[in-house]
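Copied from TrEMBL, the annotated features are:
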BINDING   B:LEU11, B:GLY12, B:CYS13, B:GLY14, B:SER15, B:VAL16, B:GLY17, B:SER18  NADP(+) binding site
BINDING   B:LYS107  NADPH binding site
BINDING   B:GLU192  L-homoserine binding site
ACT_SITE  B:LYS207  active site, proton donor
DOMAIN    B:351-424  domain 'ACT'
Number of protein chains: 2
Amino acid sequence: MEEKRLNVAVLGCGSVGSQVVRLLTEQADDLAARVGAPVELVGVAVRRLDAPRDIEVPEGLLTTDAAGLVARDDVDVVVEVIGGIEPARSLILSALENGASVVTANKALLAEDGPTLFEAATKAERDLYYEAAVAGAIPILRPLRESLAGDKVTRVLGIVNGTTNFILDKMDTAGSGFSEALEEAQALGYAEADPTADVEGFDAAAKAAILASLAFHSRVTASDVYREGISEVTAADVQSAREMGAVVKLLAICELRGDQVAARVHPAMIPRSHPLASVHGAYNAVFVESEAAGQLMFYGPGAGGSPTASAVLGDLVTVARNRLADTRGAGESAYADRAVLPMGETRTRYHVALDVDDRSGVLAAVATTFADNGVSIQTVRQEGRGADAQLVVVSHGATDAALSSTVQQLRGMDIVRDVTSVMRVEGGDE
Amino acid sequence: MEEKRLNVAVLGCGSVGSQVVRLLTEQADDLAARVGAPVELVGVAVRRLDAPRDIEVPEGLLTTDAAGLVARDDVDVVVEVIGGIEPARSLILSALENGASVVTANKALLAEDGPTLFEAATKAERDLYYEAAVAGAIPILRPLRESLAGDKVTRVLGIVNGTTNFILDKMDTAGSGFSEALEEAQALGYAEADPTADVEGFDAAAKAAILASLAFHSRVTASDVYREGISEVTAADVQSAREMGAVVKLLAICELRGDQVAARVHPAMIPRSHPLASVHGAYNAVFVESEAAGQLMFYGPGAGGSPTASAVLGDLVTVARNRLADTRGAGESAYADRAVLPMGETRTRYHVALDVDDRSGVLAAVATTFADNGVSIQTVRQEGRGADAQLVVVSHGATDAALSSTVQQLRGMDIVRDVTSVMRVEGGDE
């Protein structure tokens with residue numbers, strides 16, 4: 001065992017890959033002590049040899065032949081930080097087939113086609129670790145998979161996209177509108193030129209699928225996740241949340257409902273007293289509820305080259321230790337095989353703000369519409385403004401279909417001039 | 001492997017043990033699926049067979065012969081939740097010698113004599129896991145040991161004692177004095193009749209030793225940890241903290257200082273904007289700073305039978321999986337072997353409030369005393385009150401010895417009528 005060394009190949013040398021390469025070099029002595037054998041970087045696959053990079057890759061290690069690198073028979077661990085579906089998927093499958101263990105940060109691939117990868121890892125009897133795929137540096141997958149393995153997780157609420165949290169936080173603290181806050185996020189490098197993946201919730205939905213799969217020992221893919229982004233969130237929504245002591249966050253919500261799993265991503269109002277409410281800027285946090293442990297929260301930087309590399313390296317140490325001991329960690333756990341609850345049947349609560357005629361009978365008519373749909377009302381706030389009035393209704397828990405149909409009927413009522421804000425409410429009692 | 005089952009013995013059936021027994025029974029099917037083999041409870045050692053218990057222990061499993069139980073050759077995993085030094089230590093050592101893996105929640109024993117236990121585990125080639133020993137249900141040891149294994153942790157700040165956090169939170173939110181808040185904590189069951197272990201910081205110091213050992217890959221024992229409790233914290237201290245936008249918390253602080261480790265427990269003022277400041281009531285949280293990941297926080301219930309049992313069961317699943325795979329997890333990592341920095345040489349900052357004569361030259365004299373000790377001042381606030389004035393000084397970073405000597409000299413000065421509050425300041429810039 002003293003003679004053994006672990007050879008590592010890194011696929012991709014962008015913001016994460018370059019930090020992985022840096023840490024592998026700078027922390028070599030500590031890594032060797034923690035793994036129990038030297039960890040050696042044997043190759044870095046890139047698209048262009050002459051692209052500008054944040055770091056200097058040691059002489060002779062760069063290659064454009066990623067397929068050739070993962071096919072080498074002296075590679076023990078492959079780190080995939082290219083991202084996207086292809087060629088990442090083929091490279092990971094090839095690495096596993098060739099007997100390497102894999103560490104990846106690829107949320108999109110895991111959320112779309114995780115089962116294929118997990119089956120390949122099981123067949124090859126190798127590890128496939130992916131802590132960096134959700135919430136960057138925050139250790140959340142390992143705690144879910146291992147620390148809570150003796151408990152029953154009932155709900156996961158995550159702020160898992162830093163871009164949207166930055167934008168919503170800005171709208172809350174500075175009173176900005178969505179476009180203005182997005183522009184600031186872009187100027188500061190928190191949002192891409194094409195911000196769709198973040199702003200429309202695709203990134204968060206991929207993470208929700210991964211979280212739900214782990215938390216509930218089932219297979220949940222990105223297409224199972226209901227998704228709404230934040231581009232429709234208005235300054236009025238944020239103000240309305242503020243008036244009821246709440247704040248708007250884009251949440252990834254994974255819940256156990258009877259024998260089924262609900263997984264969804266949408267903006268929601270949460271009480272300011274909730275621990276997630278104080279997650280500011282581009283930070284991420286994941287709030288976990290379980291039967292025995294109660295309420296836990298994990299907080300930290302959800303993105304960035306260096307934090308994400310920290311998560312990759314943590315996995316690398318575990319995977320390398322397993323290789324040395326000729327064993328593997330726990331693989332995919334999907335024994336519970338729970339079905340996904342359709343969004344319409346998922347229970348939630350709605351906040352609805354209406355401009356209505358200011359005359360007697362209006363409140364009764366609105367309340368009747370809620371009641372007709374089987375939705376019970378928790379609070380109503382009414383403010384007269386001359387000829388018209390504003391009515392803010394917060395419902396008790398009901399199915400999303402019933403709530404959605406209530407809003408549709410409200411929109412069709414003569415006395416309702418406008419529905420100015422509709423948003424789900426989470427993080428409190430039903 | 002299908003035929004194998006894992007036999008578990010539990011030592012102790014108090015608030016934690018009874019919940020471990022309950023979960024082992026209630027979650028048997030899930031545990032079997034997650035471990036890969038049935039997990040069977042084969043014995044529960046108690047002091048008195050007829051003591052009242054929260055749960056019904058299955059017929060025939062209770063025994064008063066703990067030594068006999070751990071000596072059985074069919075026990076695969078021993079869960080120790082008796083607490084205290086003896087007989088817990090002898091029982092754990094005997095269990096390891098007999099080939100069982102061990103899960104324990106025993107912070108006092110680990111902090112006093114961890115190395116003996118770790119060496120026994122290494123010799124026996126068995127696991128010794130202890131997530132429940134620090135911060136109850138919060139997964140913090142596993143993230144430190146595994147998730148951050150590829151990173152360099154530089155500081156750990158923990159609120160790791162729920163009793164003292166409840167008391168200090170009460171003093172802050174309700175303006176109570178220490179005795180009043182302690183009485184309320186006792187009435188609500190958050191504090192023991194003899195609150196010494198919590199209030200004087202012994203419990204937190206044990207946890208600091210365990211955290212420092214893991215974070216810095218070195219051996220730190222309870223006797224290495226500088227310790228001050230909260231019994232001297234006054235309503236005036238809490239008020240003074242409030243005036244400077246801070247809050248008083250009992251912190252377990254573990255820091256890397258050059259090649260040395262500093263580990264200490266004392267009340268400290270932290271800015272209200274710090275994530276730890278919003279940890280209320282009896283909740284715990286551990287804030288971790290590392291070079292690559294940046295700032296992380298782990299939050300949750302730090303005590304209680306059921307949350308602590310969740311952490312025990314998580315370890316039990318890992319240890320049981322390892323037994324099935326005929327392997328073991330990472331053992332003690334003390335390769336860095338760092339020395340412990342004496343408290344006097346540890347850098348910190350002081351908040352000092354003084355009643356002084358209200359005449360010219362006083363501020364200059366006080367400032368000179370700081371300067372003579374090589375301590376630089378960050379802010380001074382002065383409030384005249386007729387014949388006397390109050391002076392509140394916050395220093396920049398300096399060694400604790402220099403700060404302590406400054407305060408001693410201030411106490412001896414004619415113009416200083418009284419030193420009304422002295423407290424360290426943490427969680428900000430130096």
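Going from the start of the chain as shown, residues are counted 1 onward.
Glycine is treated like the rest: Cβ placed from N, Cα and C.
Just so it is clear, the model here is predicted, and its values are computed rather than measured.
In sequence order, B:ARG53, B:ASP54, B:ILE55, B:GLY305 are the residues near B:SER18 (NADP(+) binding site), counting only same-chain partners six or more apart with C-beta under 8 A. Here the binding-site residues are B:GLY14, B:VAL16; the one with the fewest Cβ atoms within 10 Å of its Cβ is B:GLY14. A separation of roughly 14 Å, to the nearest angstrom, links the Cα atoms of B:SER15 (NADP(+) binding site) and B:GLU192 (L-homoserine binding site).
Summarised as a single figure, the pLDDT of the domain 'ACT' (B:351-424) averages 93. For the pair B:GLY14 (NADP(+) binding site) and the residue listed as 'L-homoserine binding site', the Cα-Cα distance reads 15 Å. The most densely surrounded of the recorded positions B:LYS107, B:LYS207, judged by C-beta neighbours within 10 angstroms, is B:LYS207.
Cα spacing between B:LEU11 (NADP(+) binding site) and the residue listed as 'active site, proton donor': 21 Å, rounded to the nearest whole number. Annotation for B:GLY17 (NADP(+) binding site): spatial neighbours B:VAL10, B:LEU11, B:VAL44, B:VAL79, B:VAL81, B:ILE82, criterion Cβ-Cβ under 8 Å with sequence separation of six or more. For the residue listed as 'L-homoserine binding site' paired with B:LYS107 (NADPH binding site), the C-alpha to C-alpha distance reads 17 Å. Here the CA atom of B:LYS207 (active site, proton donor) lies 23 Å from the CA atom of B:CYS13 (NADP(+) binding site). In this structure, the CA atom of B:VAL16 (NADP(+) binding site) is 14 Å away from the CA atom of B:LYS107 (NADPH binding site).
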